[in-house]
Amino acid sequence: TPVALVNLPNPAPKAKSNSTKFILLLILSAFITLCFGAFFFLPDNSKHKRFDLGLEDVLIPHIDSPKEGNLRDKIRADHERALQEAKEKLRKSREELQAEIQTEKNKLMEDLKKKDAGPKPLPPVPMPRVVGVSDGEPPEPDVKEKRDKIREMMKHAWDSYRQYGWGHNELKPLAKKGHSTNIFGNSQLGATIVDALDTLYIMGLHEEFKDGQEWIEQNLDFGVNAEVSVFEVNIRFIGGLLATYYLSGQEVFKMKAVQLAEKLLPAFNTPTGIPWAMVNLKSGVGRNWGWASAGSSILAEFGTLHMEFVHLTYLTGNPAYYQKVMHIRKLLAKMDRPNGLYPNYLNPRTGRWGQHHTSVGGLGDSFYEYLLKAWLMSDKTDTEARKTYDDAIEAIERHLIRKSNGGLTFIGEWKNGHLERKMGHLACFAGGMFALGADGSPDDKAGHYLQLGAEIAHTCHESYDRTVLKLGPEAFKFDSGLEAVAVRQNEKYYILRPEVIETYWYMWRFTHDPKYRQWGWEAAQAIDKYCRVSGGFSGVKDVYSSNPTYDDVQQSFFLAETLKYLYLLFSSDDLLPFESWVFNTEAHPLPVLHLGNITLPGSEPAQR
């Protein structure tokens with residue numbers, strides 16, 4: 001082959017040059033014989049010909065579909081031309097051949113450089129006002145000591161992942177090896193790295209941050225054949241990358257977020273525009289979870305894209321992201337809602353609700369959260385989002401929120417016309433949401449919603465306090481004399497979840513009642529005592545057992561959310577102030593967009 005000539009010794013004996021030419025001639029002869037043989041054995045029946053499939057413009061756009069009579073002549077002419085070119089090559093000297101080969105190599109290298117240069121740079125946009133991204137040291141020594149302990153826990157979690165699970169999505173801290181779940185497909189996307197980076201930055205763990213950034217620059221590739229959860233990848237990866245970009249100013253995070261976002265867009269190719277739950281990053285093929293109400297999409301999944309997609313349109317100038325999420329909002333606004341409640345399931349093919357199950361916990365939770373946060377992130381100009389949130393919360397109060405016999409306020413679940421008196425750990429985030437949404441409530445109900453947030457925080461603290469480990473179960477009931485206690489064995493586990501601590505932090509910010517720091521410190525001590533192992537932190541299977549078994553998973557959200565909320569709880573309020581930042585549902589802070597006279601591409605001008 002010509003490549004072999006590059007390494008010919010110089011000068012070379014004439015016999016070697018002749019033998020090389022002979023080998024080349026032999027290869028070319030064999031190739032031409034093979035082509036002619038293939039041509040003469042082509043079947044004459046036209047139904048076997050590719051040209052008759054009606055796809056010639058797609059398959060071979062550079063060739064007009066040839067007629068039967070001149071096809072053989074054209075192929076013969078092509079072969080004769082190839083043979084002539086080969087003879088001319090063999091007449092050239094070794095130096096000429098080497099020069100040609102070098103020219104081809106240089107051209108190939110240039111092409112590769114162009115390919116590696118990646119997409120065109122994104123259009124410049126005004127950087128949102130970024131304030132309070134570091135420090136936040138509390139003035140009280142005892143609070144600073146607690147904050148330092150949280151940072152040490154973060155360092156232990158990160159260092160363990162760095163040592164035993166680097167590049168994997170998550171860590172098995174007892175087995176001391178990488179771990180992944182089906183939400184990330186079968187690929188190693190370094191979910192823990194992407195999810196944890198903004199926490200590292202806020203905590204001032206600069207060396208660890210630098211390691212994570214280098215891995216992302218060199219290894220994070222979204223061109224893999226992997227079927228991923230659109231929701232999880234959006235909140236963890238796009239949210240994490242955007243937050244880290246805004247905090248650090250490093251362009252690589254923005255570019256990676258946009259690359260991934262482009263891979264998610266095919267998930268919206270459904271009859272209604274409601275996205276599939278999963279999409280293959282390589283093929284763009286989407287589908288829904290098999291267990292979700294006859295192939296339905298899930299409210300908390302397709303309703304938890306707005307914050308990230310608005311920022312994507314802002315940063316890229318591409319209106320598609322904003323238009324996709326606004327289409328979802330408009331479609332939902334047109335639909336009838338039983339008792340004013342949003343069911344958790346919607347069929348993306350028919351546009352009809354699935355089974356009438358409504359929850360502020362799993363399957364529903366962050367849909368409501370993102371209505372409120374869309375309003376806050378828009379600098380309170382997206383009044384449509386605020387109105388939708390207020391209406392939804394009014395229906396939730398009327399139908400789902402109850403007080404137990406023991407005086408505990410809880411949020412039940414609506415199932416086919418019946419209220420189930422059970423609350424999930426995931427629903428405990430709502431205490432913080434009610435407090436966050438208190439200012440701006442209709443009918444001067446700010447005090448009411450702040451009080452409701454406090455009551456939910458108290459109930460969720462009771463779910464922790466009534467266990468042996470002082471860690472809360474996955475779900476707890478309010479009937480048969482048992483209150484805020486898990487009944488089923490498969491609801492007694494704690495998997496390092498953040499929602500209760502999240503509510504403590506929001507309540508602390510709005511009230512500065514010291515009990516919220518006390519409750520947060522109780523939870524931090526319990527996690528450090530019962531979940532910490534030499535290889536990281538693990539969930540436990542039974543919070544009512546004094547000798548629990550581990551589930552052997554260090555969740556990425558433990559570093560993204562649980563430890564971040566604890567750190568913020570023991571920091572001063574000028575670290576990531578609410579006036580400038582809104583946290584996505586994975587605790588990734590995104591700046592408020594003070595758009596002023598700027599209009600997002602694809603949107604109508606904001607109305608106050």
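Glycine is treated like the rest: Cβ placed from N, Cα and C.
TrEMBL names the disulfide partner of CYS460 among CYS428, CYS531 as CYS428. Taking GLU232, ASP365, GLU474, GLU499, THR585 as the recorded positions under consideration, the smallest Cα distance to CYS428 (disulfide bond) is found for GLU499. Put simply, of the recorded positions GLU232, CYS460, GLU474, GLU499, the one whose Cα is nearest the Cα of ASP365 (active site) is GLU499. Most Cβ neighbours within 10 Å among the active-site residues GLU232, ASP365, GLU474, GLU499: this distinction goes to ASP365. Other C-beta atoms found within 10 angstroms of the C-beta of CYS460 (disulfide bond) number 29, with every protein chain shown included.
There are 24 other Cβ atoms within 10 Å of the Cβ belonging to THR585 (Ca(2+) binding site). Between the alpha carbons (Cα) of THR585 (Ca(2+) binding site) and GLU499 (active site) lies a span of roughly 10 Å. Counting every protein chain shown, the number of other Cβ atoms lying within 10 Å of the Cβ of CYS428 (disulfide bond) is 31. Geometry remark: GLU499 (active site) versus CYS460 (disulfide bond), CA distance 9 Å.
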